[in-house]
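Data first, discussion second: the structure below is written as C-alpha cells.
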Amino acid sequence: MTRSPPLRELPPSYTPPARTAAPQILAGSLKAPLWLRAYFQGLLFSLGFGIQRHCGKVLFLGLLAFGALALGLRVAIIETNLEQLWVEVGSRVSQELHYTKEKLGEEAAYTSQMLIQTSRQEGENILTPEALGLHLQAALTASKVQVSLYGKSWDLNKICYKSGVPLIENGMIERMIEKLFPCVILTPLDCFWEGAKLQGGSAYLPGRPDIQWTNLDPEQLLEELGPFASLEGFRELLDKAQVGQAYVGRPCLHPDDLHCPPSAPNHHSRQVPNVADELSGGCHGFSHKFMHWQEELLLGGTARNPQGQLLRAEALQSTFLLMSPRQLYEHFRGDYQTHDIGWSEEQAGTVLQAWQRRFVQLAQEALPENASQQIHAFSSTTLDDILHAFSEVSAARVVGGYLLMLAYACVTMLRWDCAQSQGAVGLAGVLLVALAVASGLGLCALLGITFNAATTQVLPFLALGIGVDHVFLLAHAFTEALPGTRLQDQMGECLQRTGTSVVLTSINNMAAFLMAALVPIPALRAFSLQAAIVVGCTFVAVMLVFPAILSLDLRRRHCQRLDVLCCFSSPCSARVIQILPQELGDRTVPVGITHLTATVQAFTHCEASSQHVVTILPPQAHLVPPPSDPLGSELFSPGGSTRDLLGQEEEPKQKAACRSLPCARWNLTHFARYQFAPLLLQSQVKAIVLVLFGTLLGLSLYGATLVQDGLALTDVVPRGTKEHAFLSAQLRYFSLYEVALVTQGGFDYAHSQRALFDLHQRFSSLKAVLPPPESRLRLIRTGMGPWPTTLSALQLTTRKLVDREGLIPPELFYVGLTVWVSSDPLGLAASQANFYPPPPEWLHDKYDTTGENLRIPPAQPLEFAQFPFLLRGLRKTADFVEAIEGARAACAEAGQAGVNAYPSGSPFLFWEQYLGLRRCFLLAICILLVCTFLVCALLLLNPWTAGLIVLVLAMMTVELFGIMGFLGIKLSAIPVVILVASVGIGIEFTVHVALGFLTTQGSRNLRAARALEHTFAPVTDGAISTLLGLLMLAGSNFDFIVRYFFVVLTVLTLLGLLHGLVLLPVLLSILGPPPEVIQMYKESPEVLSPPAPQGGGLRWGAAPSLPQSFARVTTSMTVAIHPPPLPGAYIHPASDEPPWSPAATSSGNLSSRGPGPATG
C-alpha cells in the first residue's frame, strides 16, 4: 500500500523547526487568516531562534539598556501641588486660574489655621461657659506659639494677617497702632472680653501700664491723649469702623476673673452670660462694622426653636489667618530684624511652615486627655505634609512585595525533576520585570512626566503583577516543548506558540492605559501614560530578554545541573536509551482502527553507582483496538499526564534512590485536565454557570445605580489620625468653602454698573451662597458721604458718589475707586476685594492749603475685579455640582449683558470635573472596547472570537462598577482610570483561553477542555502573582490606597479569573467559532485527531520478567492514519516528520502527545 500520511496534524500555531511555512501551505487552499498568522508566527520563531543562539549577548545588552533607563529615576519630579494634579490643562477652569494668577500672582492673600472643638460625647451641647473656657485654653495655647529660626524668634503677632492697617498723620499714634493692630482671628471668643487675650500686641505710653487689647478702651484713650496731640483723623477712623470700647465693653465669660474690666456689662452683677444668646448671629472683631464673623463660621451642629432662637450647638471653630510667604517676605524685607540673615521668600515660607506645625501640635495637646472636650487642629502645612507623605515611596512595602513575588515564582516553578525545574527562571523573571518597571519609570522621568501619589504608591505593584503574568506564560510553554523539537529550536518554538498571546495582551494593556489618559485630570493622565510606558517596557523585556534567560536555563538542563544551584550536577539527571517505534510496513490495519496507539512500556532502572536513570524500551508490538473514551481523546485518560512520569517500583521493599513523591505529580495542569474541565463542561454545570453569571450581571446593574460621584479629603487621609478626625468634624459641622466672583476686562465697568450689580445680587441669592453681612461693601458701593473731587483746577465741589440706586456716575467711577481704596483701608480689607491694575494711592489731608491733595488721580480702567463669597452646606458631590451649575449660569447670564465673569475657588477647581466625568468615562470605555475588538480581530484573525472576548470584558467592567456601588466606593477620576484599565487587565485572563480554543481541533467541548488544560496553570499563576503584587497595597497607611486601589484591583483580578476560566470556556463551548484546522479523517465528531487512548492501539508486548530493581513507566505515542488531504487543510508533510530525539525524552516528557493548542 502507499505510504501513510503524516503521523500528526499540527494546529496553525505550529511550524516545523528551522523550516519556512510556505512549503507547508497548499497554494490557493489555505484561508488568509491562517496564512497571516503562520507568517507572523514564523517571525516569532525566527526571533526566538536568534535570541537562543545569541542569548548571552541579548541578556547583556538588554540588562545594560534597561539599567541605563532606570537611572532616569534620579531626575524624577514628584508633584504635590493640588492645582497641578487636579486641574485639567487647557480647560475652562485652567484658563480662568491662569488669568487670576496673571493678574494677582501665584498665591492667596493669607493662609488659614483652624481649631475645631467638639464634645467627646456625641451630640452634647457645647454652648456653655465651661466649654468656651476650654476653647479659650486651646486657642490661647496656640496663639502663644513661638519658633526660633535663623537666630530670630517668630510669634503670631509677627506673621499673622492684619486687615487694612491705616495710615495716621500723627507719628506716635501710627507707631502705637502698628504695634496694637490686631491679628485677624475668627473666633466665638470675640463675643466676649476673653477674645482680647488672643491678641498679643502691646504698646507703651509714658505714665500708663502696657496697653493691650485686654485693657484698651479706645474712647477713653482718645480723651486722655486729646489735649496733647491732634487725633482728628484717628478719631474719625475709629468712628467709621465703629470700634467703640473694643473688647472691654463686652461681657466676661467668667465674671469672677480678676482682670475682667469694670466696663464689662456683667462685671458688677457677676452673672454668667447666656452663651447661646451672645453667639446668636455671630460675633465681631474689634470693628463692629467691618469685622463681623458670621454664625456659620463659628458654630456647627446648631439647633433652634420654632422662633429661630439659637438653643444649642455641637462644635466651635476658631480660624487664625497668617500672611502668605510673599507677604511675610515683603513685610520684613529691609527690616532691621532680618538684614543680617539674607532674608528671602523661601525663608519666609520655612518660618510659616515651622510655626504652623508647632501650632497644630500644641493645640492638639492643649487639653488633658480626660477633658470633656476635644480639640482638632489643622493648617495648610498639614495638608502639604499629608500630600508629601502620600507621594513618598514606601521602600519597605516595595521590597516586601517583590520578595514575596520572588518567593512565589521560585516555589511555583520548582519541580522534583531537576530537568523540569525552573526555580532560577522564576527568580530571574521577577527581577527582570522589576528592572523593566524601574526602567519604564526612569523613561517617564526623562520624558518629563511628573510622578504623583498614584505613581509611587500603586504603579510599581500593579506593573509587577501584569509583567510576571507573561513570565509565567512563557515558562509554562517552554516546559511543554513539542516532542521532536531540536534543542536549538526550542525557544523559537516557544515564542511561536505563545508570542501571539503576549503581543495581544500587551497591546491591549497599553491601549487601555492610553485610553484612560482621556480622563482630563493631570494626575490620572500622568499615571495612565506612565502605566502604558511601563507595560511597554515589560513587554520588551519579556519578549527579548526573558527568552535569553530561558535559553541559558535550557543549557543548564542540558548539562544536567541543579536548579538555582546551577554550579552543582543533578543527582537525578536522566539518560534515556532511545528506541524508535518499528515501522508497520505493509501490514494491514484492521477495519475500524483509525488510530493506532503505540504504548511503550519503559523499564526504568536507577544505577546505584552513578544515580542515573536508564530507560529500556523493549521492541515488541501488538495491535489492540482502542477502548471507549468519553471524549475520544487522551485528554481525560488517567495515564496521559503532561508532567513528570517517573515510575514507581513494583516492590515497595526495594525503592529506587531517585523516586519522586506522589504529591509531586499533582499540579494545576493536572487539576484542569482531570477535575476542572470535565466538571465545567457538563451540560448541567454550564447552565448553572450561565445563570450565576447572569445573576451577577443583574445585581451589578443594580449596584451601578448606587455609585455616587465624589472623592472627599477624608478618603485620602489615613483613618484614625488626628488629621482625619479634624477633616471629619469639618465636613460634618463646617462645610464652608471660600469662592470668589471674578470680572474680567474687555468691557466698560463704569457704564456696566447695573449689570454688575445684578450679577452680584444673583450670585448672592444662590442656594449654597452664605449671605454676606450687611456691612460688606458691594462693588464700588461706598455711600460713605461726600468725597471731594476735582471738577476743575480752580473750583472744588463736593458730591455724593453713590446715588439712590447704589450707582456711581460714570464720569466719577474711577475717581471714586481711588477715593475708596485710599481712604477706607478697613472697609477695603473687610470686603476682601482685589483689583487690577491697583488704584493709585491718595492721601487726603484736610489741612493742606496747597490744593495738591485735593486732586484725586483716577484709577486705570479695570481688567480684573474679585469679590469673595462663602459656599455652605456642601457635603455631597451633588451639592457641589448644583452650586457650580448655578454659579456658571449666573455668569453666563451676565455675559449676555456684556459682563465677562467667572467663579473661582476650590469647589470649581476640584469638583467641576464631575460635570462631565461620567460622559468621559463612557466615551473612554466605548473607544477602548472598539479598539480591543479591532486588535483582537486583527491578531486572532477571527472577529467571532474577538466579539466574545469583548463581550466578556464589557461584563467584567459592568460588574466591577456595580460591586463598587455595593462597597460604597465613590466614582471619581481614580476609579474611572481603574475601570478603563480593567479592559486591558481583563484581556490577560481571556485572550489566552480564546486563542487556545481557536487553534485546537475537535468539537467545541473538546477544544474548550484542551484550551483549559494548557492555559489554566499560567492564567492562575498570573492571577496569583497579580494578587501578590497588590497585597502590599493592603498595608498602606492610607485608607484611600486600600479602598480605591487594593480593593478595586483585587475585585478586578478575581472577576478576571472567574470570567476567563469559567464563563469564557462555557461560552466558547456553546457559541465558539468553528475550528481553523480541519482534521484529515475521523469516524465521529467527538474524535479528536490525534488521540492517545491509554489502553489500546499498537503496542509492544509485555517485556519478559525483569529484576526487581526496575520500575515500570507507561507512555503512549499516537499514529494517525489519514486519507488524502481535504481542500484547505493544514498538513505536515510525511517527509518532515520530526524525529523522536533524545532531547525530547530526556526532558522527562515521555508522553508523545499530539501538539496542544497555542498556549495562551
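Cβ from N, Cα, C; glycine included.
Whatever TrEMBL says is automated annotation, not expert-curated.
These features come from TrEMBL:
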type     : residues  : note
TRANSMEM : 34-51     : transmembrane segment
TRANSMEM : 58-77     : transmembrane segment
DOMAIN   : 394-552   : domain 'SSD'
TRANSMEM : 395-414   : transmembrane segment
TRANSMEM : 426-451   : transmembrane segment
TRANSMEM : 457-478   : transmembrane segment
TRANSMEM : 499-521   : transmembrane segment
TRANSMEM : 527-552   : transmembrane segment
TRANSMEM : 921-941   : transmembrane segment
TRANSMEM : 948-967   : transmembrane segment
TRANSMEM : 973-998   : transmembrane segment
TRANSMEM : 1019-1038 : transmembrane segment
TRANSMEM : 1044-1071 : transmembrane segment
REGION   : 1128-1160 : region 'Disordered'
COMPBIAS : 1143-1152 : compositional bias 'Polar residues'
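Here the listed stretches are 395-414, 921-941, 948-967, 1019-1038, 1044-1071, and the one with the most C-beta pairs under 8 angstroms to the transmembrane segment (499-521) is 921-941. As a quick check, the transmembrane segment (426-451) and the transmembrane segment (1019-1038) miss the bar of 3 or more Cβ pairs under 8 A, pairs 6 or more apart, so the two do not touch. The largest share of C-beta pairs under 8 angstroms with the transmembrane segment (948-967) comes from 1044-1071, of the ranges 395-414, 457-478, 973-998, 1044-1071.
Contact between the transmembrane segment (1019-1038) and the transmembrane segment (527-552) does not hold: fewer than three of their C-beta pairs are under 8 Å, each pair 6 or more apart in sequence.
Using the rule of three or more Cβ pairs under 8 Å, pairs at least 6 apart in sequence, the transmembrane segment (527-552) is in contact with the transmembrane segment (34-51). Remote same-chain residues near the transmembrane segment (973-998) are listed as 86, 454, 466, 469, 473, 500-501, 504-505, 508-513, 515-516, 518-519, 521, 523-524, 527-528, 531, 711, 913, 917, 920-921, 924-925, 928-929, 932, 936, 940, 942, 945, 948-949, 952-953, 956-957, 960-961, 964, 1007-1008, 1010-1012, 1014-1015, 1018-1019, 1022-1023, 1044-1045, 1048-1049, 1052-1053, 1055-1057, 1059-1061, 1064-1065, 1068, 1072-1073, 1075-1076, 1156-1160 (criterion: CB distance under 8 Å, separation of at least six residues from the stretch ends). Recorded stretches compared: 34-51, 58-77, 457-478, 1044-1071; the one with the most Cβ pairs under 8 Å to the transmembrane segment (395-414) is 457-478.
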